[in-house]
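Asks: Questions regarding the structure given below will be posed in turn.
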Amino acid sequence: MGDVSSRLQGNDDEGQPGRPDEVVKVRSVDMYVTYNAENHFTRGFARTKSQNPAPVLRRGQSFTMVINLNRPFNPSSDALSLFFRLEGVDRATPYSKETVSLVPVDSTGAEALTAGAWSAAIRKTEEKSLLVEVMAPVTCIVGSWYMDVDSKLRSAMDSSGSTYTYPDPLYILFNPWSKDDTVYMENAEGRFEYVLAHTGIIWRGSYNSLRPSPWKYGHFEENVLDCCLHLLRNVGKLPVQDCANPVLVARHISAVVNSSDDQGVLMGNWTSNFAGGVPPVSWTGSHPILQQFFKTRKPVKYGQCWVFAGVTTAVCRALGIPARTVTNYYSAHDTHASATVDQFYDDQGKAVEKLNTDSIWNFHVWNEVWMKRPDLGKEEYDGWQVIDATPQEMSGGIFSCGPASVKAIKAGDLAKPYDCTFVFAEVNADQIYWRYESPRKPLKMLKKSTDKVGQHLSTKAVGRWDREDITHEYKFPEGTERERDIVLKALRDNNHAYSRFYLNDSMDDVQFNIEPIKDVLVGSGIVVRAKAVNKSASKRYACKVILRVETVNYTGVTRRALKHQNFTLNLQPGAGK
């Protein structure tokens, strides 16, 4: 606090000096915006550097201000208190204890401030100025706060006194630097990467062609913080008290970054017609999207999964929640909550479109946020949590997803809130091909693929412009006994009709595999090689083979059939063709 106290001076403002027997009056308050921003790791925010700078602070950490008075302060006769109120709350309206706080200022200077409650103490007095240290509790609601400074005589029998209203908001954010905050991150390099870094990389492409795309999150840019707080308070249905809980805030963010329910930030578009908006591939950063939304209060057109994820990272980092952008290759979209990806075909090998709502995306991008999960009761589920703002399936009646504990997903504990079953399927579902004849006839499993879904889960490495593979955080190595045990546990616990069919109907003797196809230049031919193997040591099989070649977009939607061929293949025991 030396930098502040060394600049503490007597107040020589113009005005009549007060008499000792009159209530001391506040002439001005200096919030030492730059000094506090340095200590709270918020110096990047444009709001702290504008022509009319405002303090951006983190909860659970003290901040400093200087109160300038009209006369010297007498601790034996004068009393000061600070009245904090959340934006939208004033003294005349009903309020709760979470949205307002009356904080007596300790004039002895002996009080040690703790992170558990609002508190304030005078640390130095000089002439007509007071150096005051203030603590916002670590459970404080994240948002814009306003402050009054009340003064009165200790001898006064009534409530008469003087009130000074500080004109600008105090922004209070989550605090990954505080051990008492549920978003605390111990690793300093991680805090810099996941909270302060305003640029990054988002991976796109396909599982055999991983393509990095630079992205500017821009969460320190002008109006972005105000936009993020607007999303908490005015978009969607998040109760104001829940703005103190990062679990509920993260879930809310996953809902309001898309426009599907509450006219949120970004409108999705997976067609080829982007009239009236910007094609998703043209965006290179989050801040222009957030700035446009804050200006117009209308959804920005258009986004796809990586754009939703880029905006979500920016919102979380702006609010103080550590966040990173994650890409999953060969990503499953399970629409039935069966924890499997189910594809249905008739006896001619033609897809039954009315049933084929599950799909495989070349890649899908979501977010991870770092926090404790006291709502789950055990520390074992703390750490990275998946949230996903891309509107895919409803959760709790709205298009949102998460937070889903990554550790719970890996363990197959899919009953833990929120949406663990959906995310588990994205990274570790078995892909099942069924023969469907009619609603009255049982399904017949034609083929299963147990090791394709969820490849090369990728995020930017800490401190390096490189890829970090985090697949191991979501699942055990494919094909291992531990991995298969987890999948079977998830299927049994899920108890969906498709899961039960799958568990009871398995034929592994004949396996078909298609060799991976490398990148192909536009206009050149494609050679596809398929191999069938009879793994039985005693049985001969006559296989009816149906080959279909179709074009699909990156979300797995079929566009056009290119080739269709039927033939019979005879396989001797142990033979392959």
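Counting starts with 1 at the first residue shown.
Cβ coordinates come from backbone N, Cα and C, glycine included.
Sequence annotations record features per position, and here TrEMBL assigns active site to CYS305, HIS364, ASP388. Residues or ranges marked as Ca(2+) binding site by TrEMBL: ASN428, ASP430, GLU478, GLU483. Residues or ranges marked as domain 'Transglutaminase-like' by TrEMBL: 297-391. Positions annotated as region 'Disordered' by TrEMBL: 1-21.
Mind running through what each feature is packed against?
Replies: In this view, CYS305 (active site) is surrounded by 27 other Cβ atoms within 10 Å of its Cβ, with every protein chain counted.
Secondary structure from DSSP puts HIS364 (active site) in a beta strand. Within its own chain, HIS364 (active site) has CYS305, THR327, ASN328, SER331, HIS333, THR390, GLU426 as residues 6 or more apart in sequence whose C-beta sits under 8 angstroms from its own.
Secondary structure from DSSP puts ASP388 (active site) in coil. Counting only same-chain residues six or more apart in sequence, the Cβ atoms lying under 8 angstroms from the Cβ of ASP388 (active site) belong to SER254, PHE308, ALA309, TRP366, ASN367, CYS401, GLY402, VAL423.
The Cβ neighbour count for ASP430 (Ca(2+) binding site), using a 10 Å radius over every protein chain in view, is 24.
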Asks: Give me the count of other Cβ atoms within 10 A of the Cβ belonging to GLU478 (Ca(2+) binding site).
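Replies: There are 16 such Cβ atoms around GLU478 (Ca(2+) binding site).
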Asks: Could you name the residues, excluding ASN428, ASP430, GLU478, GLU483, of the same chain that surround the Ca(2+) site, i.e. Cβ within 8 Å of the Cβ centre of those residues, in sequence order?
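Replies: Apart from ASN428, ASP430, GLU478, GLU483, the close residues are ALA429, THR450, ASP451, VAL453, GLY454, LYS475, GLY479, ARG484, ILE486, VAL487.
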Asks: Rank the binding-site residues ASN428, GLU483 by the number of other Cβ atoms within 10 Å of each Cβ, and give the residue at the low end.
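Replies: Output over binding-site residues ASN428, GLU483: least Cβ neighbours within 10 Å is GLU483.
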Asks: Can you check what DSSP calls GLU483 (Ca(2+) binding site), collapsed to helix, strand or coil?
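Replies: Note: GLU483 (Ca(2+) binding site) is helical by DSSP.
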